[in-house]
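Notes for the one structure printed next.
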Amino acid sequence: MVITESQVGVHDLVLLDELTEEKIVDNLRKRFQANVIYTYIGEVCVSVNPYREMNIYGSDNVNKYKGRELFENPPHIFALADAAYRAIKQKNSDTCVIISGESGAGKTEASKIIMKYIAAITNPESQAQIQRVRNVLIQSNSLLESFGNAKTNRNDNSSRFGKYMEIVFDFKADPVGGVVTKYLLEKSRVIQQLPGERNFHCFYQLLNGASDKELKDLHLTRNPSQFHYTSQGTVDPTEKANFKTTLAALTSLHFGADEIQTIWRLLGAILWLGNVQFKSEDDKLEVANQNALKNVSSLLRVTESDLRHALTSRVIAARGDVMVKTHNVSQAEFGRDALAKSIYERLFDWIIEHINRGIATPGDKNLQRYFREIGVLDIYGFEVFDTNSFEQFCINYCNEKLQQLFIELVLQQEQEEYRREGIEWTAIEYFNNQIICDLVEKPHTGIIATMDEACLNVGKINDEILLEAMDKKLAAHPHYSSRQLKPMDKELHHKKDFRIVHFAGDVVYNIDGFLEKNKDTLFQDFKRLLYSSKDQLLSQMWPEGAQDISKITKRPLTAGTLFQRSMQELVKQLKTKEPFYLRCIKPNDIKAPSKFDTDRVTHQVRYLGLLENVRVRRAGFAHRQTYEKFLARYKMISQYTWPNYRGAGAKEGVQVLVKDKCFHHDVKYGRSKIFIRNPGTVFDLERHRNQMIPHIVTLIQKHVRGWLCRQKYKKMVAALTIIRYYRNYRLRMYIERLAKLFRNARNMPDYGKSIQWPSERLVHRDARKILQDIFSKWRCFMILRRYPRSEWPTLRLQIIAAHALGRKRPHLGLNRKWQGNYLSIASENTQYNAFNASARTMMNTDNFKSILFSGFVKKFNRFNKTADRAIIITENTIYKLDDARGKFRNMKRSIAIRDLTGLSVSPDRDQLIVFHSPDNNDLVVALQGENGALLHEDRVGEVVGNVCKRYYE
């Protein structure tokens, strides 16, 4: 039988039968041993580090949790990330995922999983902006791990800085930008590590992964034991592959070749700086190993003499006087280490600034008002080492602040909200760690204030005096103790240690180094030295080095105060967002994949406040929302509230809706909010809403499409109106130009024929044809008005003939009067009476009205035989007649003008005409006078003009 995930223990600790600390731990153990690492407490996700790869983060799981409610599927970090993303889309509110737990509990890996999930579920279209942000989000993780993580005794990949990454989404919920904020890089790790621990990963990646040529250029060797700052750690065999990953991330994030080379040079300079040693001879401080000094100056692009001077002496400006003070060996070593730490910190800050430029949110501030954010907080976990110094003090203070935020938002505010809304409630007791936060940050009496006061004193103040001041101010505090206050406490060293009872357990801090680390002193000489570097990038990292050597600068804020302010700003920022919690637990201290240390887990369950969290969630309500927002989201599922509730107010509308859907048994009505106890009720509400959304979307689409079409129609009508007025305007301008050109055309000999018409545009083309036609008719009229109207018919025929024949026949008889019916004229035909009689008979028989042309012809047949004949052309037909001897008898040989397929004439003066008929029986004649006399005038043009005119008519 296969055991499913839901059958292993309970998936939500709220569902435990018996609520005790032991039951919570036992449930986590059962699920961990069954390879189930995620468990819920309501909407809080508890994760147990498996210390091995798990096949639960593939694309199938992404699709399984995408767009689903938190409780629809088994507990998973994907469900938490999706809930944060859906809150942006559905509620239009900023969200954040707060990841907390001890060092080694899997916080960094969890943040990477969340980033990859958000990148996977956003808009899959290959938009350049989305792809850019996705790439930066994923690549920046590996890069920041390389430069900000290190191996500790508790974690092979421990974050030695705090990281808060905000992903910015546009109104479509697509990522368009972001910003990475870092908190308190543990830069002291650069110069010193605890036994068994290592420096930052990047140093070992460089030594093991760079090519021989690159190492030669940096004057480095592959053996980390040859460099003081890395000699305490060992090289991991995977560092060569990790170096390639880091290099690929730098390239992908658009670091230039020169910038990448500068990064490696600065790392090399730090390594060689650790090898610089000092010796005192005759009360004069000298650099013991000149080769290391030479390599450092070469890599930093500064002169060897300037570097030696900055390492061995210090310029002091006091009341306008400038003096040089020579260091002793311990002071020189302190300055050397401070320089190494500062170079690394500035480099790390510059890398983050470069990443932020790569994902900077585009658009102006007015547009960015509508953007929403998901913040992912991956910050150092609670730490307890054999020797705990200033860094562990700040880290644990950070965890106190985050625990206080969790208490305030999850435990305290929730209970206060029930009382404020008038909901019946039994108060849940819990430990409020505000007292511990006050111990650290309270003005005047807190530890940070006491350290700042000691740093401001002019006299010789050391760590021992600082501890005495803390004992004096905090003697009565229940969470603070020292050997001076408790002489019988043998665990504390006299005048060296003090203990803080944190919410996660007791931590003993060694006071040595607190003052110097809080001051975070870096001599001004080093700032001027690096500002003068020939490496422009390195010089830009130290802008304060440009200050005049004699200028007295204001004392900078201490590291403790800066960290305190950054924590307060972070908490303030987180309070403006809807929080989602991931509580990480480490099952054992040896990083074993199958071992579950019950005592170790019990301790974490206790200080994480999981028991109190379960109690509050168990007694409380899974969902609460203001009446206005609740009604606005779910009003469409009830006919009584859709589209708008017309009753007294939003509360009454919510009550009507809940009653209509029979959810009244699972809700409570507060003064301004509705409270829903069972998550299933929220799921049912969402299901009803999702069923209605398609219908509402269709309705909205219908109205929007109708509105868009109407707007489009209005724009088309407006465009047509504009076009019409524009065309008319252009046409008026064109006509005005023509009017100016043709103003004197009436007085010109050719009446304006020689005038060049202006080039037309498309809008003028049709109008130009009409205007040219009008001009042509006007010009014809101006020419024709010189002739009597009685001659116009003849002129028309002559024009038709000339147009038909063109330049092919110059002889058309245009200089004579065209009489047409020549056979009816006595001077042309002595037998005109016989012709007129025959013509009248034909008119009555064939019903034609007039004779357009008549004349004697010589007819040619196909055998080239000739005969004298006569032809007449009427409005419809061409007739062949016998000659005068035959009394002009109709020979029944006629051709309809409409049936003609063509006319042929010769280009010379002969009077030959061929009438082409469709049956290939052409009529071939030559015009002649009576009795075969030759004509002394050309009549071919007259025949062509009459036939063409009637043909086209």
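Every residue gets a Cβ built from N, Cα and C, even glycine.
Database features (TrEMBL):
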BINDING   G101, E102, S103, G104, A105, G106, K107, T108  ATP binding site
REGION    567-589  region 'Actin-binding'
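Take the mean position of the Cβ atoms of G101, E102, S103, G104, A105, G106, K107, T108, the recorded ATP site; other residues of that chain with a Cβ within 8 Å of it are N49, N155, G381, C584, K586. Comparing the binding-site residues S103, T108 by how many other C-beta atoms lie within 10 angstroms of each C-beta, the top residue is T108. The candidate set comprises the binding-site residues E102, G104. Of these, E102 has the most other Cβ atoms within 10 Å.
For A105 (ATP binding site), the same-chain residues that are 6 or more apart in sequence and have a Cβ closer than 8 Å to its Cβ are S47, N49, G381, C584, I585, K586, Q604. A simple way to gauge crowding: the CB of G101 (ATP binding site) has 24 other CB atoms within 10 angstroms, across all the protein chains here.
According to DSSP, the secondary structure content of the region 'Actin-binding' (567-589) in residues is 9 helix, 8 strand, 6 coil. Of all the Cβ atoms in the protein chains shown, 25 others lie within 10 Å of the Cβ of G106 (ATP binding site).
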